[in-house]
Every structure is written in C-alpha cells, then in structure tokens.
Amino acid sequence: MRLRFTKMHGAGNDFVVIDATRAPFALTRDQMRLLGDRRFGVGCDQILVIEPSTDAGADFRYRIFNNTGDEVEHCGNGSRCFVRFVVDAGLTDKREIHVDTMNRRLLLKLRDDGRVTVDMGAPVFDHAALPFDAAGLTPRLENGFELWPVEGVELGVVSMGNPHAVQRVADVETAPVATLGPVIERHARFAKRVNAGFMQILGRDRIALRVYERDAGETLACGTGACAAVVVGIRAGWLDSTVEVQTRGGLLRIEWTGGQSPVLMTGPATKVFDGEIEL
Ligand SMILES: N[C@H](CCC[C@H](N)C(=O)O)C(=O)O
C-alpha cells in the first residue's frame, strides 16, 4: 500500500505522522515496524495517528504507537507535533485544541511563538496506574515522597498516562542509561514495562534529563518523561514549580503546582518533510 506521511520532531524525539481523518488507519504491526525502521523504512521513535473525534468534547483523537508497533497511552512531544500538524494541514482553524488519547483528554495551545503548551493532566502516583509491584520493598522517604530501591538505585514512580520510573543522578552524561535503562525498562516489577528517567538537578528551576523509553530505547527527548521527572523532583523537595528541562534534543518547560493540578508542558514542534512510502 502507498502511505502518505509527515516526518516531525519535538526536541529531537521524532515521529511519523499519519492523517487518518479521511480514511481509517489500517497498518499492521509489521508495517509499523517497517515504517519505524531507520534503515529499511522512514525511521522514527513513535508513529502518531490523527483520527476524527468520537466525542463532542474533543476536536480529534490521537493514537500513539512506539516504533515496535505497540500502542501506548501518551506521548508528550508527539502531542505538540499533533497540534502543529492539524493546524498546518488545515484540519482546524482553532489554536486551542482538545484531543483524546487512549486514556486522557488533553488541552493543547499553539502559541504565537510557534511553541505548544500542553495541559498533560495530573500525575497519578497510585502504583496500580503504572503498574508497579512494590511487594517486599521498603521505600526511603525524601520530603515525605517514596523512593523505591530497585536494582541498587532509588526510583520515583509516577504515571502521566504512561508509566515512568525516575532516578536522580549526579551527571546525566555519565549515567548508565544504556546499561541500566533497559534493565529498569523491562524489570519484572513493571508488568507493562516502564520509561526509565535519569535526572540531574542543576538548580531548583533546572534539570538535565535522559530517558530510556519503553520500546524505543533512549530518545533525544521524552515529553511525558520530562513531566514525570519534574513531578518527582518537586514531590521530593528538590525542585520549585516551574522547571526548565534540558534534554539532548532541546529545552522543555514544565510547570506543576502539586496535588491534582495539571502538569503543563511547553516546547517546540517541528515539521521536517512530507513523504510517501510503499509498505
Ligand atoms: N515510549 C513511551 C511513549 C512515548 C513517550 C515519549 N516519546 C513522550 O514524548 O512522552 C511509552 O511507551 O510510554
């Protein structure tokens, strides 16, 4: 089949975006794996599928598949690219857009400076939301926040709709992302696996972050991972409520006032090219 797509990235986290508002999305898992392959296909971290809304309260639906073909709950960098795509494609004349993902409704705002602010919803600390099995573990409390001992490190666990396990490190550049990342990503205590974040505190308003993502491995940026890291840092007492997150692919701004308040993420969304591929 001949597939039209748009290649995009959000701070270097890259995507193949497919407009399924006019014809239903019908790629097989093998076709998605080929599409995501950086040698035999187009290459991307995730595939984003834009669909018509099925609910009057939302403008669109938005489905996310890791480059393995596995459908997942959320993609923060992808949500910013989604907005840029639907506006540039003329699929909406709005600049504030409600979109439904698998388990959340997001409010997205395209700003005059071209960046996008996303209301990512509230973090969820209930272990069942990840899920995380803490049986037999005793957490260390940091400012009243539970840090869980797994594989010799301390993990802050939180769901942003998708699962995250964040650890604090002294230096992200020397952190064992390539070796410890996959061990945490597929650890038995995370039945649906997990995105493994490595956070260096640079100040109460600035961190550096690397994320070994579930399925995709280390990406240049992870939007939900940036939200998760800042939320863990705030709950642990290490960060204030507005934080600049330095990723290898660019800068994200995360804001959270605690409790059930939503996490706000602001960052770039870039179109690279339009293309077609025979799958
Ligand atoms: N790998 C993630 C999905 C993509 C998240 C990331 N690219 C983002 O920007 O939030 C997962 O399996 O939960």
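The backbone N, Cα and C atoms fix where each Cβ goes, glycine too.
Curation does not apply to TrEMBL; its annotations are automatic.
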Of Asn143, Asn162, residue recorded by TrEMBL at the substrate site of Asn13, Gln46, Asn66, Gly76, Asn77, Asn195, Glu213, Arg214, Gly223, Thr224
Asn162
Look up Arg214 (substrate binding site) in the DSSP assignment and report helix, strand or coil.
coil
If you count CB neighbours within 10 Å, which one among the active-site residues Cys75, Cys222 has the smallest count?
Cys75
Would you kindly give the Cα-Cα distance separating Asn13 (substrate binding site) and Cys75 (active site, proton donor), rounded to the nearest Å?
10
Please report the three-state DSSP label of Asn13 (substrate binding site).
strand
